[in-house]
Amino acid sequence: MNERRRTGFILLLVVGLLAASGIVIATKDTKLGLDLEGGVELVYQGQPTPQVPTVDAASIDRAVDIIRERVDQLGVAEPEIQRAGSDQISVGLPSVQDIERAKNQVGTPAQLFFYDWEENVLTPDGRFVAPLLNAQDSTAVAISQQGGSSAQGQTLYDAVQLAARQRPSEDLRNASRSGTAYYLFDRDDRYLAGPEKSERDVLSAIERRELPEGSQLLEVPQGWVVLQATSTNAGQTVEPDDPIARFYVLRDNVALSGNDIKDPTQGFNDLQQPDVEFRFTNRGKDAFQRVTREISQRGQSLALPGMSSQAVAQHFAVALDGKLISVASIDPQRLPDGIDGENGAIIEGGFTIQSAQDLANLLKLGALPIGLDLISQSQVSATLGKQALDEGMVAGLVGLALVALFLITFYRILGVIATVALLIYGAYFFALVKLVPITMTLPGIAGTILTIGVAADANIVIFERVKEEVRAGRSIPVAISAGYRKGLTAIIDANVVTVMVAFILFMLATAGVKGFAFTLGVGTLVSLFTAVLATQAILVTMGRTRLLGRPSALGASGEGHRWKADFMGLSKWFFSISGVILLICALAIGSKGLNFGIDFTSGTRITTNLVRPASEEQVRSSLEAFGATDAKIQRVSNADLGPNVIQISTEQLEPRQVAQLRATLERDFGGVSNFSSSSVGPTFGKTVANSAIVAIIASLLVISAYLSLRFQWRFAVPVLIAVAHDILIVSGIYALTGREVTASTVAALLTVLGYSLYDTIIVFDRIRENMPRMPRAAFSQVVNRSMSEVLTRSLATSFSTGLPILALLLFGGETLQDFAFALFVGVLSGAYSSVFIAGPVLWHWKEREPVYAARRWRIAEENGGVVPAYALTSADVEPERRVRRRGRLTAPDDPERRVSADEFEEMKRDLDVDDSPAAITRPPRRSRGATAAPAPPERKPKPRPKLDADGRAPDEPENEGVLKEPKRPSTRRRRHGRPR
């Protein structure tokens, strides 16, 4: 396939994909994330259970399946439920605003256990109730007849103390849990944390590294459980730390579990009160019959003449996730043989219709195979999500317009082609987002906007190569072909690095950052396709037209601007400047530290609009009455959310506490609107920090290995130094400005890492190319020449990447602005370090190699002890010489392989073949008296040019640093008075 047909096929493919993209965009809906649509996000961490002692991938996957079925019962459209890391689960519920019900429905373990009440419950003095009933002990009788109500229960502190005094049991056959349970109380016996599986978990729960002074850590031994008393009011939820909560201590001897029931449904009892009805499995039928028979027989043994059935009734307790939900009575006189399991059973006790339905659904789907700890929760209002979406769209459009304006101004016709390619890229990418579908989040929008600059960078690399070839004297079609061929390796290397960073970030980051990583990776691949195929096809097609007939149309008229600085000679200044900046940044980090957000430190952040105006002091007073004495309040200027928007930052609050705080604000300030909250636990913060460290280290290792393979291992060291330089500067700027460091900041730092590598690879690719072309030059001369050739390109790519980031910084919302700030600082630092740090470091590293040390010594000897900044063309540079044999076209033997006259002429033009008959000549005869031709006169060597005042030698001609191929006498013959 010749070039014209290949170009036509690519253009046809581009147009076809463009049409298909238009159809997809018009017919498919965009899937928005919670931060754009509004809703609730819950992040859980898996915990082992007696049934599953180790949290593994299989148990996490099973838990995900059960949670997905539970969420379906909530009626949530398109929930996002996925694994997050090795032991975490992220649950996204779009358009859900009741975070308390969502938490109860999703994360409740639904561990259902049945106990023989009187046989296992203890009195406050530590005696079992059942043996005391014969003696008519008043306390035992009260506990038995009250049926687990709070009337006879103890405070949590007293109950835990009672349980802690019991001897551990080694028999786990019928236990609901294994191991010791830890509870923490302060010096005033108030509950702080628990039950936890270890002291470390207790410290993690209270966000401390050591136990508070005067606190009490109590241990409940294996074989005993502390259960909260039943609630007397329907729908009332009493938390463990509530002063009115009461508890009982039971021996952990389970009679049945939730695995022994089936087909639970919500029903009504005889009084039309909601209840939960269910049937038993085959195993459950026998167990239920046996246990209730034992309970009934015990009641019969207590019966005395004249005693009522209520006085001898025994009870069967039902516990769900550490709370008694029902203590059912069994009448031994009416049911002397217990209860037949064939008819199932009923759970009664303070249900509303909604709570009974939720419990029935939980039991129907089964218990989670592992425990789940809520480590992060967030709630975004629909208004705030729409505002974030609008701001992201405006920033994207402005960024695209700025990049297009820059390209057209700087590259003229080439810029127009690049703008068309960007529009094609946008259509492809948007169609792919809808087709997969990719959930678009706020970080995802940031990644999409950033890929606009990445796509423009690829075109800039190619265009600068094409301009170099045109200035070197090649025709425009040949320059286009050569420019793409020479620039392709650098583009592929740079894009591979970006994709690798995106992949590592996607695998190790939290759910919120994954959207950015995915869009960055996909966008980079799509931009590579448009730059390598679409732009090339358009450019090759236009190269044959009058539109690109002159170098000025490409911005390549004249010799172009040439940077002639002695970069290596100035390296000491570059290192000194960087050293001062790095010292300032290091001192700022050491003295002021980084302002870590709740993603790392844990806590709760609430943003809402108050109906009545209020000062910060009024809000603080209201929150102090609520109990949030350490809350930070600041006003937020956001007309879309309302005139009285405030942001509250405090220690981590549970969902019920967030609801109570909202009720407090509504009561004191006439109501709230556009309420959103985000809570992060200490475990989640540690996960974010650890993931960030691992992601950075993994990125550096993988990319170093790649650079060692593609270049040399010595090239990887300057890259690592430049990357460390950029990360330290960005961190120092954050410390100096006091900006908050979030999970998005970590994503920005990794992106800075990738971009710094991108720009450095462009420089190193030219150094690698010039090394064989300058076989006698010192390495400082190779680097100087390479940097002079690519400096304009580096500045252009930095500018094109910085423009969309600047749009994010100016027009994006609060989250996008924080993200863009790190990117903007990093891009500026990366543009500087890739040229002025990485190159000189590589020079110092490579100049010590024996081959380059010998060259430097030789050149210094030839130039009076001075090594010129640039190599002498005649002495130290050998331009590429390619001898091309003249081609001949002959008719093939096979008639089927012959071509038409038009195709033949096209082949001649493509191959630059002259088919005119050559004149037949005969070598001249040598006459008898002839002698050999005299030898040509010996040519005297040209005097070596004098050095200037700075010790520099004159360089090659001003041709943008590209050596022109030596001109050869034309072999074309003239026909009809004009060259062919």
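Just so it is clear, glycine is given a Cβ too, placed from its N, Cα and C backbone atoms.
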#### Entry: Feature transmembrane segment in TrEMBL, mapped to one of the ranges 358-376, 795-813
795-813
### Query
With pairs closer than 6 in sequence left out, are the transmembrane segment (688-708) and the transmembrane segment (392-408) joined by 3 or more CB pairs under 8 Å?
no
#### Entry: Paired segments the transmembrane segment (819-843) and the transmembrane segment (515-540) in contact, 3+ CB pairs under 8 A
no
### Task
Pop the mean pLDDT for the domain 'Protein translocase subunit SecDF P1' (60-116) in here, whole number is fine.
77
### Message
Against the transmembrane segment (487-509), which of these stretches has the most C-beta pairs under 8 Å: 413-433, 445-466, 515-540, 715-736, 795-813?
### Response
515-540
### Task
May I ask whether the transmembrane segment (573-591) has at least three C-beta pairs under 8 Å with the transmembrane segment (515-540), counting pairs 6 or more apart in sequence?
no
### Query
What are the helix, strand and coil residue counts for the domain 'Protein translocase subunit SecDF P1' (60-116) according to DSSP?
24 helix, 16 strand, 17 coil
